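Record features (TrEMBL):
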{"type": "DOMAIN", "residues": "340-584", "note": "domain 'COPA/B second beta-propeller'"}
{"type": "DOMAIN", "residues": "609-767", "note": "domain 'COPA/B TPR'"}
{"type": "DOMAIN", "residues": "998-1191", "note": "domain 'Coatomer alpha subunit C-terminal'"}
{"type": "REPEAT", "residues": "47-88", "note": "repeat 'WD'"}
{"type": "REPEAT", "residues": "89-130", "note": "repeat 'WD'"}
{"type": "REPEAT", "residues": "131-164", "note": "repeat 'WD'"}
{"type": "REPEAT", "residues": "200-241", "note": "repeat 'WD'"}
{"type": "REPEAT", "residues": "244-285", "note": "repeat 'WD'"}
Amino acid sequence: MLTKFETKSNRVKGLSFHTKRPWILASLHSGVIQLWDYRMGTLIDRFDEHDGPVRGVHFHKSQPLFVSGGDDYKIKVWNYKLHRCLFTLFGHLDYIRTVQFHHEYPWIVSASDDQTIRIWNWQSRTLMSVLTGHNHYVMCASFHPKEDLVVSASLDQTVRVWDIGALRKKTSSPADDILRLSQMNTDFFGGVDAVVKYVLEGHDRGVNWASFHPTLPLIVSGADDRQVKLWRMNDTKAWEVDTLRGHMNNVSCVFFHARQDVIVSNSEDKSIRVWDATKRTGIQTFRREHDRFWILTAHPEMNLLAAGHDSGMIVFKLERERPAFSVSGDCLYYVKDRFLRLYEFSTQKDAQVIPIRRPGSAALNQGPRTLSYSPTENAVLICSDVDGGSYELYIVPRDSIGRGDTVQDAKRGVGGSAVFVARNRFAVLEKSSNQVLVKNLKNEIVKKSVLPVAADAIFYAGTGNLLCRAEDRVVVFDLQQRLVLGELQTSFIRYVVWSNDMENVALLSKHTIIIASKKLEHRCTLHETIRVKSGAWDDNGVFIYTTLNHIKYCLPNGDNGIIRTLDVPVYITKVSQNTVYCLDRDGKNLAVAIDATEYVFKLSLLKKRFDQVMSMIRSSELCGQAMIAYLQQKGFPEVALHFVKDERTRFNLALESGNIQIAVASAKEIDKKDHWYRLGVEALRQGNAGIVEYAYQRTKNFERLSFLYLVTGNIDKLSKMLKIAEVKNDVMGQFHNALYLGDIRERVKILENAGHLPLAYITAAVHGLHDIAERLAADLGDNVPSLPEGKSHSLLIPPSPIMCGGDWPLLRVMKGIFEGGLDNVGRNAQEEDEEAADADWGEDLDIVDGENMQNGDIGMVLEDGEVHEENEEGGWDLEDLELPPELDTPKTSSHARSSVFIAPTPGMPVNLIWTQRSSLAAEHAAAGNFDTAMRLLSRQLGIRNFAPLKPLFFDLHMGSHTYLRALSSSPVISVAVERGWSESSSPNVRGPPALVFKFSHILHTIPLIVVESRREVDEVKELIIIVKEYALGLQMEVKRREVKDDPVRQQELAAYFTHCNLQLPHLRLALLNAMTVCYKARNLNTAANFARRLLETNPTNENHAKTARQVLQAAERNMTDASPLNYDFRNPFVVCGATYIPIYRGQKDVSCPFCSSRFVPSQEGQLCTVCDLAVIGSDASGLLCSPSQIR
């Protein structure tokens, strides 16, 4: 069983397929009728007017109607387009089991538990006939598909066939009909319109279902005795033919399959069974775990079945309908009706080649699945599911084509799938051992290869290569070298389609298409909601594929679209220009004409073949919202503009492509405020002040208009705006305009008129209008506001504009292929040729004439008589000749194409030159590249804390540039200040930055110092050591003064200070300090050591020497220390810069990569406390402060 669609719902009691649309009605035990689209898998509608279960439902063949019957004794006729019930037929006295429309007449037949069958006319909404005779519930009733017969099944254990020929005659004569109706109404169960033709007895229990064969005089029935019975009838009698046994519980429903010679039945034993109608044996059984089946139905035109069960329904097929085929050049080999056939695409000839054998068993899905063809050997491999997967190899005789009568014995073998991999070699997949057997045409194994993945199918992938399919991936495997050439993660792949050049492959799964290269490098993935059926590559490298109801295309970048819709699913075999060749499910070859314009157009855009795009735009009717949206999305709004007639869309596209002229024209047509506003924004972005002004005027946006006049320096119009604001009595507008104009008297007047006398007085007084100020002071009397004393005021007067700014100047640029070409769409070729010479852009872009040029582009303006004709070589991209300078070349016409102004290429900014040439952090900071400067310092000196360097960075950047004022309306120009500049130096050779900055903390300044010579570099490094020693010593001294309550720590810190590498005068002070501290603390031995060291320095101050000698004398009497110190002057040590404890020689330590201070190992990774910049123990390349170090 091939399940196509499944639903979960309440118990399904009735089902009906729509004849044309992919819809199915399901009536539920809950009283709801559901309308499903089984192709999309979506619920379209639900109808719930019945009370209680709805057991019968049926679509009309041609009208938008369906009928339903339920346990509420009502038959309802619905219109699914109007989503409502049209009318209800009353008459039955008990549950209604089934309802059905007649295929031709406006009749409905219904079967009910009131033991009657009724025939209704749904057009006149009347009861036509009541069929009585059953003496128990009537479980089903249906019309014969061709004859005037009704079959019914009842729990009275009989099947009855009724002749309704009289009813047909009665319907055809309306006069008769009125008489008959009056007669019928007299007797509730009367009327002889329908008579029992046969009563079929044979079931031992109640019969649940009976059904006619679509063409033969056969009936099949299923009953509570678990049997399916087959009956035959002729003109006079009907008899039982056979009984099909196998169901384990009541048979719910049974019918003949319209397209295959089988009977399908389902039962409360939770199974669907398929029986061979000729051999009358069971072929296949499909079981569900927990759900009893209640109803079966078949699609009237397609090979689809549906079954309803306790928890929903399934739509399924019994057999695959896809024909096995293989394309080789101009030929298509395919299997149809047990024959191998050949179709030639060029001549469209179809011929029978050879017969192929039938499978031995009668089981379903045993037909050919795949076909592989070797053109050189004329050999065909046909794979099927016989024996769990097998293949047959046929060698096609050259002369048999067209005759197809020679039956040959095929070479057979077992294997999951088999494909040709070379001229006379084919590969067979052996699933059990996961290996591929390579065989020759004698069906002998030549080679075995173990596959790299657990494959369940193999496909051809070029000579000697296989594409192996696993559950979640595909792999290209080289059989010769036993190598994996490519791998790609995919969903479960069903079909593989290679392009003609074998460079690209399309991998088709149920709902996705993956396009990849021959090495399985992913290009794009496409998702479809409807099942993908087949595909082929066209000559342009576009993949054309079919879904159940569309032919679609996929471009190399993944863009896709619909080419045309399909009535029935087809399988594409080949695409050639505007024709798609395909096979339908009946094995018929079709040639479907398609319009390839859309995808060729998109492909040309994608591949930037603009000449092709141009010719397509001119010649074809390519339009529609989708195409416009596509061009817009792909960045070609200017192309889309030429397709569009709708003004709003034109306006949007014009704005997007920056075409102000078209935008203005469209805005005039639309004349909406928001469109004018958007036009103003775009025009402002382009610097087109005239259009901005026009847009603001149209929307009466006076505030913006005033501001525009201010920034463009248009004083005259600003004065007019002041008058307009006065007329409109807009006080705020008046004040703003007066402010913009710098008109103080006007401002004072406005404030005075508005009643703000104190503000008017202050404005007049500050701006020196004393006469007005005195007058206002008199008016204010005692309330004159006082001006703050001692403060200098700055006046609110805007600078006077030097010149009035108009539209921004525009460069002349080459006209793009689309702008140039599309303006001529519709003109003839001759006109185009004439205009080619002066296809100028001047008109479009409002470039000013020579006399009015503001930018001095006088090179474009020619003197009289200097107009030359366009050279014939204009279209050739010829190289320029390097002519010697003395030859005076003639000027060409301003309208000639060669006169296009080429903007000078911008030079390299000086700061960029500085950073490209230098590895010195200071020069990067001067250039403004702070991030690279910080990276350099981090790499060279291990610096992580940049906060102290921030002001220095700013100083360097500001100090290395000077700033020149230009016009009042233009920004300040910055000029780089270079080191060592002289007037004689070339302007093209840029020097390094001057590096002017404020000297602050020495250790923070050194990383940003730049010196010239190696000797100076050594001096800088010495300076770091000196500064570090002083910084450490002074930090310890500050610490000593903080710990006044700890005399031992005070003595230690004073002692450590004396071991810092200080200059002699400073060392004497440190020794004197340490000696004093220790002597006071009665540590005489240590104090004597400091006194001795002080005297060794020959102190110049006699008082210091005298004190030292006295301490030494006092200590010699008692050489003891009152308290032990962590200090051994005999053992050399350095002091830890963070903990201030001695690190004696031989003990481990870590150092700062910048200032080289030493620390105990526990401080590694912390910020250095001495320089406050670098990280202790980090790797660094060392200080770089001179270009000489790099050279």
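Using N, Cα and C of the backbone, Cβ positions are placed for all residues, glycine too.
Sequence-remote contacts of a segment are chain residues at least 6 beyond its ends whose Cβ falls under 8 Å from one of its Cβ atoms, and for the repeat 'WD' (47-88) they are 13-19, 23, 25-33, 35, 94-101, 103, 108, 110-112, 120, 122, 125, 300. Mapped onto DSSP classes, the repeat 'WD' (244-285) shows 0 helix, 25 strand, 17 coil. Residues belonging to the domain 'COPA/B TPR' (609-767) score a mean pLDDT of 84 in the model. Applying DSSP to the repeat 'WD' (200-241) sorts its residues as follows: 0 helix, 25 strand, 17 coil.
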